[in-house]
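Each remark here refers to the structure printed beneath this line.
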Amino acid sequence: MYHESNRIESNLGGPLASLNSRVYTNQITLCLFLLQLAAAGLAVGFFVYRAVKDIVQDPRSRNARREQSLLRQWLPPVEGAVALSIVLAFAWQKAVRAWPRAMVTVILWSAFGVTLAVGSLLMCFSMPATVGLGVALVVFSIGTGLYACWVTRRVGFTARVFEKAVQPVDKFRGLNGPAYLMVAAGFVWISVWCVAVIGAVNFRFPGLTILALVVSLAWTAEVMRNVANLTASRVIALYYLRGMQSSVQFSFQRALSYNLGSACLGSLFVPTIEALRILARGLNLLEGEDEFMFSCAHCCLNVMNAVFEFGNSWAFVHIAAYGRGFVQASRSTWNQFEGQPGMPALADADITSSVCFLTGVTSGALCVALAGSWTFVTHKHYTATVSLMAFYVGYLMTRIGMALPQACVGCYYVCYAENPRSRLFEDSPIGERLNKMKEDGQDAVGVAPTPRFPHQHVSAA
C-alpha cells in the first residue's frame with residue numbers, strides 16, 4: 001500500500017495542490033450545520049420525552065390517547081418502510097455494480113412502472129388525500145416515461161460509463177463501509193425522529209414544527225449521503241490520478257472532519273442548483289417569436305450557467321482529493337471540463353444523477369405500497385399521512401445507499417478530464433465519444449442534447 005504524498009503538481013498551471021490539507025473547508029456552513037444538528041437533537045429529545053411523559057403520567061388524557069394511537073397505528077408501518085428502504089438501497093447498489101449495462105434501462109423503466117402502479121393503488125383507496133397522492137404519482141410516472149424515451153440515445157453511453165466507473169470498487173476492501181454506516185445512522189435517527197413527530201403533534205404550532213423537523217432531516221440525510229460520497233471519491237480519485245491504494249478509514253475521517261463543511265454546503269446547494277437548471281432548460285423551450293419570452297429564457301439560462309460554474313455535483317471529487325472548498329472545487333472541475341473540447345457538453349448530458357434519483361423515487365414508491373396498504377387495512381384514516389412519510393424516508397435512505405456508484409461515475413469524468421492520457425483510461429468510452437464528436441464536427445453525437453426551438457430574431461422596422 002502506497003502512502004499518500006503530501007503535495008502534487010496541479011495540471012491547471014496553478015499552485016501546488018495538497019492531498020492532505022488540514023484546513024477545515026466552508027467553516028461558516030459547517031458551524032450552521034452543527035448548530036442545526038444540535039437544535040434538531042434537542043428538539044427531537046424534547047418531543048420524545050414529551051410523548052413518553054404524557055403516556056406514562058396521564059395515560060387517559062386527550063393528548064396521551066392521541067399519541068398512543070399514533071404509536072400503535074402510525075409508527076409500525078413507517079418503521080417497516082424504513083427497513084424496506086435499507087434493503088432496497090443496497091439491492092440497487094449491488095445490482096448496479098453487478099449488471100451496470102442493464103441496470104440503467106431497468107432503473108428508468110422500473111421508475112415509470114412502479115410509480116404508475118403505486119399511484120393507481122393509492123387512487124383505488126378512494127379517499128380524497130390518497131387520490132391526490134395517487135394522481136401526483138401517476139403524473140410523475142408519465143413524465144418519467146417521456147424522459148426515458150427522450151434519453152434513449154444516452155442510455156448506451158451511460159451504461160458503458162457505469163460499467164467502467166464501478167470496476168475499481170472491488171480493489172478497495174471496505175469501500176462500502178461508510179455507506180453502510182451512514183445508512184445505519186440514518187435508520188437510528190429516522191426511527192427516533194418519527195417518535196419526535198408524534199410528540200410534536202400536540203405542541204404549539206404543530207404544522208410549522210413538523211415542517212422544521214422535515215427540513216432538518218432532509219439536510220442531515222443529504223450530508224450523510226455526501227459524506228459517503230466524499231469517502232468513495234477520495235479513494236477512487238487518488239487511484240485514477242496517482243495509482244494510490246488509499247485508506248478508506250483515513251478518507252472517511254477526512255470526510256467527517258476537514259471536508260464536512262463542504263459536504264454541508266454542497267448538500268444545501270447542489271439539489272437546488274440542479275432543480276433550477278432543469279427549470280432553465282424548460283424555459284429554453286419557450287424560445288419563439290415572442291421577444292419578451294425569448295429574452296427571459298436566455299436570461300434564465302445565462303444565470304443558471306453562471307451559477308452552475310460556482311456550484312455543481314462534480315465538485316465533490318476535488319473536495320475529496322484536494323481538500324478544496326465547495327465553490328473553489330466547483331470552478332476547478334468545470335474549468336478542467338472546459339479544457340477538453342466537447343467535455344462540457346458530454347458532462348452536461350450525463351444522466352447518472354437522474355438514474356440515482358429515480359432509484360430513490362422507485363424505492364419510495366415501493367415503501368408507499370407496503371406502508372400504505374398496511375395502514376389502509378388496519379387504520380385507513382392514516383393512509384395518506386403514512387404513505388407520504390414512507391415515500392420520504394424511503395427516498396432518503398436509498399439515496400444514501402446509492403452514494404457509492406454516483407461517486408464512482410463522478411470520479412471517472414473528473415479524473416479523465418484531469419489526466420485523459422492515463423493508462424486507466426486507454427479504452428474509456430468518454431475518450432471514444434469525444435473523438436467521435438470531433439470527427440463528426442458536432443457538439444454531442446448520440447447524446448441527445450436538450451431540444452430547443454430555433455431562435456427567432458425580430459428585425460428592426
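Backbone N, Cα and C atoms are what each Cβ position is placed from, and that goes for glycine too.
The following features are taken from TrEMBL:
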- 28-49: transmembrane segment (TRANSMEM)
- 74-92: transmembrane segment (TRANSMEM)
- 104-123: transmembrane segment (TRANSMEM)
- 129-150: transmembrane segment (TRANSMEM)
- 179-199: transmembrane segment (TRANSMEM)
- 355-377: transmembrane segment (TRANSMEM)
- 389-415: transmembrane segment (TRANSMEM)
Are there residues at least 6 beyond the ends of the transmembrane segment (104-123) whose Cβ is under 8 Å from a Cβ of it, and what are they?
92, 95, 130-131, 133-138, 140-142, 144-145, 147-148, 151, 155, 158-159, 162, 351, 355, 358-359, 361-362, 365-366, 368-369, 372-373, 387
Proximity verdict for the transmembrane segment (355-377) and the transmembrane segment (74-92), three or more C-beta pairs under 8 Å:
yes
So which residues does the transmembrane segment (129-150) touch in its own chain, when a touch means Cβ under 8 Å and the partner is 6 or more beyond its ends?
108-109, 111-113, 115-116, 118-123, 354, 358, 361, 365, 368, 372, 383-385, 387-388, 448
By a Cβ-Cβ criterion of under 8 Å, what residues six or more beyond either terminus of the transmembrane segment (28-49) are in contact with it?
192-193, 195-200, 203, 209, 212-213, 216-217, 219-220, 223, 260-262, 264-265, 268, 326
Long-range Cβ neighbours of the transmembrane segment (74-92) (under 8 Å; 6 or more residues past either end):
107, 180, 183, 187, 190-191, 194-195, 198, 359, 362-364, 366-368, 370-372, 374-375, 378-379, 382, 385-386, 389-390, 393-398, 400-402
